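Going by TrEMBL, these are the annotated features:
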ACT_SITE  Asp110  active site
ACT_SITE  Asp337  active site
DISULFID  Cys376-Cys409  disulfide bond
DOMAIN    89-447  domain 'Peptidase A1'
SIGNAL    1-25  signal peptide
Amino acid sequence: MKATTAITAFLGFMVCGLINSMAYAEQWGEANAGNIKHILLYATNPGPEADVGARIVALRSLALYKHYSGGLRALKRSVASLASAGGGLYGVIHVGSGTQKATSFRVNCDTGSDALWLPAASCASCAANSTRFDPAASPSFAYAPNPSSSSSSLLMSFQSIYYGTGSVQGILATDTVLWAGLTSPKQSFLLVTSQDAVMAAQMANVGDGIMGLAFAAGLDPAQSGSILSGLAASNAFPAAFFSLWINKTIITASSGFSAYSGGLIILGGIDTSLYSGNFSFFPLAPSIVTASDGIIEKSVQYYWSLAAYRISIPISTGKANTATIIPAPKGTTAIIDLGTTLMILDAVSLNSIVNSLQQFATFEFDSQNQLYFVSCKASLPDISFSFDGTSDSFHVGPGSYLLTDGQNCALGIQAVNSAIPQWIFGQVFLQNYYTVFDFENKQVGFAIAVSGNSVDSDDVAT
């Protein structure tokens, strides 16, 4: 099966940002040096943010129990709409004051990083169609001082961010950021003054910048420059958690590639109409990170990462409760990453998955794009994932783990060669589960997501 269709053109671009992502790091000050980064992909204009009404509630207590089964109360919360194109999910922010405040920026929302960056008006190498930030148009703009230099000629703090493919360089700055009706008055961000050619080509299809929502150092503004820590520092974060819902209503791009149509991030609340059953919560597990020179550093709690346990796939004999069990390699953590489209596993685990699925259909490997292709007519089982040594299983069906352009189908799970025992659970997984990211209790919770197809459009902002 030749990889010449719209799906491989899309995935060929998308995958290149992921394949070596674990070998790079973000240079975002001493506190965050060595954090692994993942490239974000594709964006278009989102719809307006909207209040989804009294259905938004907050968890009364996010203690470290496994199953959430009640205890809700009304609480102030803010809702941010997400829009998608080809696999990426992004929102809209406003940055600055004066005339600059009127300009909106499309930023990819990424739970796998904590930095916010935007292209500068002076950036000649940035993507030509990106919206630019003009410091001269914002009276509240300020360059962040360089704490390591006493020289008057080195007052500004220059930073670089390296991705799996591509990088950006710029100057650390502060300004007022408005997102989902909430204001961070002196928010740190990187004003990007240059992008390499690879990044510029990618951002031409992505949007304007990236906004990280990683756990990082919790909500400590002295340790993290994230928008969430900035909101918390100004007492604007409604509560120390946020929730995510991806709208699985299918839209089809002009290329023929089908994708879900957007979603919601709710700061300080959950929407009870967008999930069914109970939540299962799991404590965060520290992840190993690498420095920019590739040296493995000690484990830190930077990501929303959980202890990976095992993968389960039914056996085609028809016997009840019979399955192939694939244990996670010792010490493996699963990073819950909105900024990654696919699921990423180690090569051994992926090979075991494919070998098990071969009972049901023939998979062909495309070495150029590092993807497995299969007939779209194949009858395939769910793949189940477990965390933290528990029996709780989270099922991902073929409607989620197969990517299609309407004619060809590819497995939305890929392998990456890395000495670090990490998996990445991107949108292929997250579209199935309403997810709570809890800073206070250092945990992540999942409940079965309601499909956008069955939600009244008058009640849900998309």
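Heads up, the Cβ atoms here are built off N, Cα and C, so glycines get one too.
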Among the disulfide-bonded residues listed here, Cys376, Cys409, whose Cβ has the fewest other Cβ atoms inside 10 Å?
Cys376
Residue pair Cys376 (disulfide bond), Asp337 (active site) - Cα distance, angstrom, rounded:
27
Could you state the whole-number distance in Å separating the C-alpha atoms of Cys409 (disulfide bond) and Asp337 (active site)?
23
So how many other Cβ atoms are close to Asp110 (active site), meaning within 10 Å of its Cβ?
25
From the Cα of Asp110 (active site) across to the Cα of Asp337 (active site), what is the distance in angstrom?
7
Across all chains shown, how many C-beta atoms besides its own are within 10 angstroms of the C-beta of Asp337 (active site)?
26
